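Trainee: Let me begin by handing over the structure; questions about it come next.
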Amino acid sequence: MAEHKSLGMTAGWWLPAAAAAALVAWTAAAYKPVSLALVLASLAWFAVSLWSCRALLGRRASWAFVVLAFALGWFAEEMGSRHGWFFGDYHYTDVLGPRLGSVPVVIPLMWFGVCQVGLTMACLIAWRHPVPPAGSGWRRGAVTALLTALLVTAFDLGADPYFVYQLKAWVMVKEGDWFGETVWGFAGWLFVSFTITALFLWLLRLVPTASKAPATLRRAALVPVLIYTGMMAYQVAVGDPVALRVVSFFAMGIPALAAALGWWQWRAAPVASSVDAAPSPAASARPIAWDAMTREADPLADRTVAALVGAWDADGQPPAEGLARLGQATRLMAGWTSNAALANWSPAGPGIDADVVAILRGYLSEAGDVPAWIRPSEVETAETVFMDYGPLSCTLLFCASLPECYLLPGLSEVLHIAGQLEARTEHRIRQTAAMVFPVMMKGGLTRPEGAGIAQVLKVRLIHATIRHLILHGSPTQSHCVPQRERRAGASLNEALLAHGWDTDRQGLPCNQLELAYTLLTFSYVFLNGLRKLGLGLPQEQERAYLHAWNVVGHVLGVRDDLLAHTMEDAAAMFGDLQARARARPADPDVRPPLGRALMDAMAHSIGVPVLRHLPVPMTRWLVGRATANAIGVNQRVGLLTLLLFQGGRLFLLGFDRLVRMVVPDFSITRMVTRVVGYHLLTRFLLDQTRPLGLPEELLNPMKHTVSGWHQDARSPRWVNRLETRLTRKTAGA
């Protein structure tokens with residue numbers, strides 16, 4: 001009740017109300033009626049904008065905005081009217097009423113009004129939220145301030161000539177080229193409004209913001225859009241000459257429509273304090289004992305590897321014959337070329353150890369079946385989603401899923417153990433894709449000719465092998481394995497044996513927590529990435545996609561109670577796990593080298609120079625600044641690349657929203673991300689000089705599927721032709 005009451009006529013409003021009343025009385029007594037009307041209109045605008053600002057940002061932030069805009073606006077206008085700074089040589093008349101110095105009092109009040117309207121609209125256009133994103137860095141703040149300044153200047157394109165020629169509110173000493181106004185004056189508007197907004201955004205970090213009822217928030221966010229639209233309508237109605245009416249319609253109408261669409265999308269979403277707010281750990285629908293999950297692995301796979309290797313000696317060395325059996329098991333698993341191949345699998349021949357075959361057959365008999373709760377129709381829907389989005393799926397895999405994997409310190413440490421990061425980065429990418437594509441291709445999880453189940457079962461044993469070699473035996477024995485000196489050029493197995501591990505402090509390698517998190521990076525992160533790109537799926541398709549990856553998780557050995565079945569549940573779990581990772585950083589931290597190596601590998605794969613470093617800002621946007629900084633994705637990129645990404649993202653997302661009102665599936669954003677994905681796809685997966693390690697029975701259908709990705713069935717012909725031009729060099733490689 002107190003919060004709502006604060007928006008009414010409380011003590012905090014009496015002083016400005018008294019000042020406004022005095023200004024009105026002074027104007028009525030000493031100035032013409034037209035001046036009184038203009039003062040009243042300006043005060044009404046100021047009051048409504050102040051109410052909107054208070055509802056969205058809170059009392060302290062709103063008054064800070066007022067003081068900042070009033071002070072800087074008055075200073076800029078005073079210096080302009082006296083010395084010709086910022087806006088050119090001019091002086092005010094008595095039309096706008098009483099003055100403070102040489103500037104009418106209502107002018108700095110208008111500076112607050114236009115900046116508040118512009119800032120709210122800029123946030124709706126750029127972030128689909130009426131307030132600046134929480135924890136905004138200077139780059140995001142600069143983009144928001146620049147967009148605000150552009151919106152304010154667009155308003156001024158039609159307003160200034162009207163004030164000069166029709167109202168005669170001020171007189172230009174020397175007429176300019178824009179209907180009497182100087183171009184320099186518009187540069188001044190751009191600079192002053194940018195400065196006011198940028199300083200306010202910086203100050204906003206120090207001022208607590210408010211949280212209001214959803215209905216109040218919706219009205220408060222819509223008010224600036226209505227004000228801007230009303231100003232546009234007024235300029236279109238009375239603008240003189242007529243050319244100004246056309247200018248105002250397009251210069252103000254397009255951003256007004258884009259902001260209205262942003263408001264509509266935000267209105268339909270749950271109210272949150274920020275578009276970047278991570279899911280609160282307290283929001284988890286079902287509490288999970290994550291600490292216990294760090295000490296639980298995969299009993300079935302661990303028993304299988306332990307049976308293959310045998311007993312270790314007293315010095316912590318694996319038996320030579322055990323490593324030989326493990327190597328033979330790895331070679332035999334290459335025969336798991338399809339799901340059908342798992343049934344009655346029993347290889348025979350010279351040199352094949354019957355004990356190895358028996359151990360693997362026992363593993364397959366227990367792990368080879370899909371869960372009883374599988375829904376094949378939903379799995380088929382998920383396969384269609386992945387394939388329909390084609391190269392875009394690869395962009396999200398490389399720029400979102402893989403980077404998110406690196407956030408967990410324990411998981412990244414296991415990835416780091418092999419060393420030679422730069423040399424093995426592409427290998428890791430290719431191995432990840434070698435699992436993802438068989439899983440998501442048609443029939444990968446449900447048909448005998450598919451290969452998804454077979455590939456996942458291989459990966460499950462790889463995880464168990466890593467645990468076994470790092471821990472020097474079974475993970476059921478909690479112990480500390482001392483680190484050993486590792487020789488230069490050590491093999492992967494030697495690196496794992498020498499690394500050392502403290503299970504009491506670190507938990508088990510590749511534990512249930514890490515497996516559940518990794519699963520979310522391939523399901524939830526993909527779906528959330530589509531949402532960020534403005535390509536969010538219907539709820540039933542999102543549920544189907546989560547379901548398909550839950551089937552994968554079950555086969556991979558993830559406990560069923562750690563599987564997320566809705567986006568809300570997945571977001572809460574993902575937020576829990578990321579919060580844990582940030583609260584417990586590793587020392588030494590091996591994550592930054594992994595992230596940088598991934599960005600370098602992607603840069604080398606993109607043939608178009610201006611797009612080469614695009615994965616860096618794209619990854620930072622998709623995973624968020626906190627995660628990107630933690631994993632070392634903070635490289636400097638060229639100014640052209642940064643402007644191309646930031647400006648292009650804002651423009652394309654807005655343009656897409658506009659066109660989709662007429663053409664529902666239209667998206668230039670999809671085309672751009674498809675181009676990036678296609679370059680990554682051909683470099684890492686389809687390079688004929690480095691064949692992907694998959695059986696021909698799977699590789700050939702995969703190549704056939706990818707060959708159909710050259711055309712996007714949802715896009716018009718001209719978009720497909722543009723995409724073909726941007727991928728031609730890669731396609732011909």
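Glycine is no exception: its Cβ is also placed from the backbone N, Cα and C atoms.
Got these off TrEMBL a minute ago, pasting:
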type: DOMAIN; residues: 426-633; note: domain 'ER-bound oxygenase mpaB/mpaB'/Rubber oxygenase catalytic'
type: TRANSMEM; residues: 12-29; note: transmembrane segment
type: TRANSMEM; residues: 35-53; note: transmembrane segment
type: TRANSMEM; residues: 60-76; note: transmembrane segment
type: TRANSMEM; residues: 105-129; note: transmembrane segment
type: TRANSMEM; residues: 141-163; note: transmembrane segment
type: TRANSMEM; residues: 183-204; note: transmembrane segment
type: TRANSMEM; residues: 216-236; note: transmembrane segment
type: TRANSMEM; residues: 242-264; note: transmembrane segment
Trainee: Can you tell me the mean pLDDT for the domain 'ER-bound oxygenase mpaB/mpaB'/Rubber oxygenase catalytic' (426-633)?
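Mentor: Here the predicted model's pLDDT, averaged over the domain 'ER-bound oxygenase mpaB/mpaB'/Rubber oxygenase catalytic' (426-633), is 87.
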Trainee: Sort out for me which stretch, of 12-29, 141-163, 183-204, 216-236, 242-264, has the most Cβ pairs below 8 angstroms to the transmembrane segment (60-76).
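Mentor: Against the transmembrane segment (60-76), the leading stretch is 183-204.
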Trainee: Short question: which residues 6 or more past the ends of the transmembrane segment (12-29) have a Cβ under 8 Å from it?
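Mentor: Apart from its flanks, the transmembrane segment (12-29) reaches 6, 35-36, 39-40, 43, 47, 50, 59, 97-98, 105-106.
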Trainee: Report, as numbers and ranges, every residue of the chain located at least six residues beyond the transmembrane segment (35-53) whose Cβ falls under 8 Å of a Cβ in that stretch; write 'none' if there are none.
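Mentor: That would be 7, 16, 20, 23-24, 27-28, 61-62, 65-66, 94-97, 106, 109-110, 112-113, 116-117, 120, 167, 169, 220-221, 223-224, 227.
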Trainee: Using a Cβ cut-off under 8 Å, which residues of the same chain at least 6 positions beyond either end of the transmembrane segment (216-236) come close to it?
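Mentor: Non-local partners: 4, 7, 45, 48-49, 51-52, 55-56, 113, 116-118, 120-121, 124, 130, 151, 155, 158-159, 162, 244-245, 248-249, 252-253, 255-256, 259-260, 263, 266-267, 271.
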